[in-house]
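Some features that TrEMBL has for this protein:
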type	residues	note
REGION	1-27	region 'Disordered'
COMPBIAS	10-23	compositional bias 'Low complexity'
DOMAIN	165-538	domain 'Myotubularin phosphatase'
BINDING	Asn314, Ile315, Cys375, Ser376, Asp377, Gly378, Trp379, Asp380, Arg381	substrate binding site
DOMAIN	345-391	domain 'Tyrosine specific protein phosphatases'
ACT_SITE	Cys375	active site, phosphocysteine intermediate
COMPBIAS	578-590	compositional bias 'Low complexity'
REGION	578-608	region 'Disordered'
COMPBIAS	591-601	compositional bias 'Polar residues'
Amino acid sequence: MASASIPVYNSSNNPLENSSSHNASRESLKMEPLADCSLLPGEERIIDKDIIYICPFSGALKGKVFITNYRLYFKSADADLAVTLDVPLGAIGRVEKMGGASSRGENSYGLDITCKDMRNLRFALKQEGHSRRDIFDILFKYAFPLSHGLLLFAYLSQEKFEENGWSVYKPMDEFRRQGLPNDKWRVTFINANYELCDTYPTILVVPFKATEEDLKKVSTFRSRGRIAVLSWIHRENQAVICRCSQPLVGMSGKRNKDDERYLDLIREANGTAKLTIYDARPSVNAVANKATGGGYEGDDAYQNAELVFLDIHNIHVMRESLKKLKDIVYPNVEESHWLSSLESTHWLEHIKLVISGAIQVADKISGGNSVVVHCSDGWDRTAQLTSLAMLMLDSHYRTLRGFQVLLEKEWISFGHKFANRIGHGDKNHADQDRSPIFVQFIDCVWQMTKQFPTAFEFNERLLVTILDHLFSCRFGTFLYNCESARDTNELRSKTVSLWSLVNSDPSFYQNPFYTPESNRVLYPVASMRHLELWVTYYIRWNPRIRQQQQSPVEQRYIELLALRDEYLKKLEELQLSDSSPNSSHLSNSSTPNAASPTQHVTHLHTPF
């Protein structure tokens, strides 16, 4: 009966509470009990209080709320209707007081909590004696630590894992994997102290013929100094994906010969006839940006380049679109006008435009033509396009570890403004810099996994876990805006990486249907008929939309794989016993070229 009313969010089905007890060393996990929940190492209990949770699905529920320096945890008192909430404080975007001392009506006095993960919470308290003051003050303080001079929980956590996630991405190793440097492209350390560009990483790959002086001159003509640098190179045709920010053309139509020559060096590197510049913005926005000193590459100045606008809207449009989506899915799904309501949010339309843009980039690269991708500052739409195109072109990024490298490289090291877009620890919920750009990217990845179910080594659970910890502040991975800020705040030495959790138990995040195909380029269908709303993420808090258990097909496939491993083990044991002196007559009769157990594995494929 309880599960029919509301899902119980516990460690078995909530990626946020994927217990690290089997991953971390036992010494580090001296956990204290918190009702039915275990505290993380470094997590401390602050307050607990009797409270009423106004559940949108089951009505008013009496229970107790616990607040730590990491989470809000509620457990209902009704044994027949077991409801628990386990919300990382980092996922809270806004805390407001509901009603006043003179408010009338049952449960009209309490707290309204708006979360960043597509749900809202409402709690009611008794009106007498300012009963909500202490819990409001504590919640406000610990949900927004940076606004109160406190540390984010990632700096307080004492979790230990078998794997060190900070070692996943090593820039030089990744460039070597791509075959770099070579006679056309070189590695430069001109940004070692973040002097060329304070939002770029320290290691950059640039055209071999471009001098350090050229790079300095070009940086003055690109917004925020974000010059065009290599993100990925095609091993066969040597076409490259470069990323940058908009040129500082302005209303007067300024030109910069150094920038024009520099883009021509990118074009010449593999003999591309015309360099394609993909401007992620709608053309009208690019023109409007001239008024603020920005702009785009004009035909007269960049004669060996063609400019293509991809019509992807800005961060403000995306923020409003997701707000509209939340309105139609939480707490209740408006089923009578579902399709028209979904269409009115334009969310899937935006997803379509991002995927479509990435397909154009990937297709151009496959055809042997180099491309440059930018938006305004080159850290939002640009990251979406380059990383999705690389996911389509390079099967390495479709592995569990490779995907981590992709995120570390294109999003984290190249300065997507996670702190501004998510608002970690910041009480200013109305900040116009907030935007779900990274959430939108992960949605695009999910769309690709749906269209190519055997092409990705990782599963949906990984994507949900990434988004949950994008907000949670339990790990350091998505904190701060750029590498220079992370270095200043000693992030790697003082916090734990999300990949430490993931790579300490990789099987939990692996797709059992994965079939490696090294040279396959994926071209998803970017049409509205083939795109779906990611229900198991956006509507997962609704009890009518069950936190999906493993599909019967996936479960059966995993059982068959386990059975195969068991038989192979028995086969190996039999072969070992056959090779013993007592079984020489058996081994003599066997064929000399019999396949070993490991060889058998490669031939056991299940056709789909």
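Just so you know, glycine gets a Cβ as well, placed from its N, Cα and C.
Mapped onto this structure are the features recorded in TrEMBL.
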{"residue": "Asn314", "record": "substrate binding site", "Cβ contacts under 8 Å, 6 or more apart": "Arg281, Asn285, Ser376"}
{"residue": "Cys375", "record": "substrate binding site", "Cβ contacts under 8 Å, 6 or more apart": "Ser245, Gln246, Asp279, Ala280, Arg281, Ile312, Arg381, Thr382"}
{"residue": "Asp377", "record": "substrate binding site", "Cβ contacts under 8 Å, 6 or more apart": "Ser223, Arg224, Arg226, Ser245, Gln246"}
{"residue": "Trp379", "record": "substrate binding site", "Cβ contacts under 8 Å, 6 or more apart": "Thr199, Arg226, Ser245, Phe414, Gly415, His416, Lys417"}
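Residues Asn314, Ile315, Cys375, Ser376, Asp377, Gly378, Trp379, Asp380, Arg381, recorded as binding substrate, reach a greatest CA to CA spacing of 12 Å. Under DSSP, residues within the domain 'Tyrosine specific protein phosphatases' (345-391) fall into helix, strand and coil as 32 helix, 4 strand, 11 coil. When Cβ atoms from all protein chains are considered, those within 10 Å of Arg381 (substrate binding site) total 29, not counting its own. Using the Cβ center of Asn314, Ile315, Cys375, Ser376, Asp377, Gly378, Trp379, Asp380, Arg381 for substrate, the list of other same-chain residues with Cβ within 8 Å runs, in sequence order, Ala280, Thr382, Ile437.
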